[in-house]
Amino acid sequence: MADMRLRFPPSPTGKIHVGNIRTALFNWLWKEKNEGELVLRIEDTDTERSTQEFEEIIIQELDWLGIEADEGVEIGGDYGPYRQSERGEIYQEHIDRLLEEDKAYRCYCSEEEIKEMREAQKARGEIPHYDGRCRDKNLSPEERPDEYAVRFKMPEKEEEIVVEDQIRGRVSFDSGEFDDFVIQKSNGIPTYNFAVVIDDALMEITDVIRGEDHLSNTPKQIMLYEALDFSLPRFAHLPLILSEDGSKLKKRSDSDAVYVGEFREQGYLPEALVNFLALLGWSPGAEREIMDREDLIEEFEIGEVKKGGAIFDREKLNWMNNHYIKEADLDRIMDLGLPFLQEADLVDDDVDEEWFKKVLDIVRDGLDNLAQLPDEAELFLSELTYEDENKARELFDDEEVQEVLNSLRTRVENCEELDEETVSGIFSEVQEETGVGGRKFYHPLRYALTGKDSGPSLGDFLALLGRSEALSRLERAIKLVG
């Protein structure tokens, strides 16, 4: 067994959020850095919401990002089962132990009784809490109702509970802040705080890296560790991921992607998302931004993670994804990009791959993600549409511009084959003949050929557009004001 063991325990109750996947990534980076082991455990005790479909989605997204567990569901290992729904007997064994050692007790209060208790406490100006009315109620098996919960006995004398956190340092809590909390619900299912302690202890987890929203649970878990004579793991609570307005990044944010699958569907590359998420709350210093997996593993230190919330900057993610799109192998970008074009009905299965790769090489500099590919590639693949036809008329309704368009049309017509070198020569000849250069030459010409104010290199574009389509577009521009 490795000296360091970590875990990622998602709940299969929905799609996997970027906050969850960053937690998985930080666990994986720290595991790789320390040559440890990562356990993938499924926390599916929420039987109403947990589904096999969501479990499969979680595993697929982890695979897509290259976050590989060493043991767990679908892998196996010596510490299974790895689904909480399959560990009922293990939990019951430890519930029984706490009951036998008088460290827990059966609570026979109904939901209605607890509700009335809390409302009465509020009316008296007290903080709602369980008042321990069943703490010393010892009913025989014959007297017990069919259903009851089990509560952990917090110490009667208040004491300090200290969380030694690798990110936040020493965090202190007063045991008096906590009432006797439920560790097993009346339906026999253990609560999160109980199950996670049993799982982490029996799976010999040495390091628990999770979101800061779990920090408030940690004192309860420490009390359970101590009551069961388990060794405490090292804790590290990651900062929240925040929206650009500083609020907590919600699990549903209108049209903005927040789930891993949405980023994949929009054409973000996994290496870009990994790079981006690794820098949410942690930085290697020296203003480094682009880092591959090897760089991240080498530089990552859990103790250097910041305490404050990390802003999810979508512009930065787009910039980073653009970098990886530009650096990626063209064959890979073609394979990833074709489905977007096929869905937009811009290409079919028998596209000329060599020609298409040249198109990709031109347009990918302007792509934040591959879902934008149809908008950029349609310049080559569909009938020309002017962004603003009135603007086109104004641009073309100029004597010098008409000279440029006519001169270029003549030269393209007389050219047997267009390539980058030929186009460059033609542009020089037209400028020399008409005396028109600079923006007055290129801007109307770009609009005539692309219908837009900006885009790829005009020479490269014209060479790939081809003689026939170039003539058609030039003719249309000339006739627009004719």
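Our numbering is plain: 1 for the first residue shown, then up by one each step along the chain.
The backbone N, Cα and C atoms fix where each Cβ goes, glycine too.
What you see is a predicted model, and the numbers here were worked out from it, not measured in a lab.
The feature domain 'Glutamyl/glutaminyl-tRNA synthetase class Ib catalytic' is assigned by TrEMBL to 4-319.
Through the fold, the motif ''HIGH' region' (10-20) approaches residues 42-44, 46, 49-55, 57-58, 61, 211, 240-241, 249, 251, 258-263, 277, 312 of its own chain, all at least 6 residues removed from its boundaries and within a Cβ separation under 8 Å. Per TrEMBL, the feature motif ''HIGH' region' maps to 10-20.
Here TrEMBL flags Lys251 as ATP binding site.
Per TrEMBL, domain 'Aminoacyl-tRNA synthetase class I anticodon-binding' is recorded for 337-478. Model confidence over the domain 'Aminoacyl-tRNA synthetase class I anticodon-binding' (337-478) is summarised by a mean pLDDT of 91.
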What DSSP reports for the domain 'Aminoacyl-tRNA synthetase class I anticodon-binding' (337-478) is 104 helix, 0 strand, 38 coil
